[in-house]
């Protein structure tokens, strides 16, 4: 009888054993307590991603302001031969003239075409060098001291001021220095806008926010040919002035209307500010009193503060990343993939002038190719694996770029089609890599990691103008190198873990727990397969 009692009571004792309480993730808090994402919160997220439109304008404005101008011989002058001279540098000044006003481009206003490829490419390379320097020096601020919102507003305001000052540059050296300053400020705009917008919405709307970011960038790029055509007979200075001034007004608007990321506030230990931000979102979304009470209780403890960055200074996130081998491996692989994509993404629009006679139409085609690219990016992010998608897109882009070398120069339509297909695949790969980087790293260092990935892409942009200048004489040095670079570097994506369907991690510890759980599941699956065999 005693044995029967023991047998019946033992399970009861075990069943009443207290289980450790599971800490809700920030995703759980946002989804449960804030009732998903309401219309007002979506509008705030879309307001943030509109910064990408100004980012796109500043990034590609040099396609027009630094365009290689066309020239013609003065009628009746036999000493000038348009077919014999590739450039007018060796001709007497009064025997030729520019097709458009000299002040329409910095190249014609300051006679840069006669100074050699190094000087011609100096402003564009200076801009990308500024993006590179700003990315490395400023990217930690958004994860540590300033946060996403303040960093984004400061970057937009600085970028617009530098753009206005560029309109008054007296010579190419001052122009290149101001382009460096513009790139330095612009380096954080795209990163902060993309990270902040995805962290302000719930899981259901994250892909939509990413698609909106890509679409706004395309809108900015697409607006450039229209602006340039409107100022085709005016100075290049007008383009800088009238694209930079609206950006300054937008930065002021964003300062008053945008919200800080509650995820960042929580992992930085600023719990009270995070509670207030989430309560504002909850009240707009019609959350109940019980949900608000649950929100207060869930955030009452500093349970989300990352031990790797807690109380750290400016470089705490970098130190936390360097202390973990898995983070270094991921960062190195995704940066290598981004480098090759960046060479083609930034280099292709600079090369379109060599493919057709109409620069405005050629750039419009490139900008329009970003629209289906944004749609395909949304589809890939929602339905396809990240790793395989990046490898496939990089391979396709490389093949089409190499085709631009193989196709004869006389077949302009065929070369333009190959270039557009290459840029389409590259743009999609560019977008997917950015989302891939967001998913690979936790909130505590997400902005820093994404910033470094974008700087790897920008490093490709530093190289691209030099290749474009060399490719004006022989297309292999532009399109050929583009194809080989993106094809080779895209293979690094095969070394990365798959992130499709995973929730975003908030701390390094949470990401490591997910890795351990994934490894255990893989081992268990292999064991089951072996048993079946």
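Glycine is treated like the rest: Cβ placed from N, Cα and C.
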### Task
State the residue range annotated as transmembrane segment by TrEMBL; the candidates are 331-348, 511-528.
331-348
### Query
Counting only residues 6+ away from its ends, which parts of the chain sit with a Cβ under 8 Å from the transmembrane segment (151-170)?
48, 51, 54, 58, 138, 141-142, 178-179, 181-182, 184-189, 192-193, 196, 237-238, 240-241, 243-245, 247-248, 250-252, 254-255, 258, 447
### Query
So what pLDDT does the domain 'Major facilitator superfamily (MFS) profile' (41-501) average out to?
82
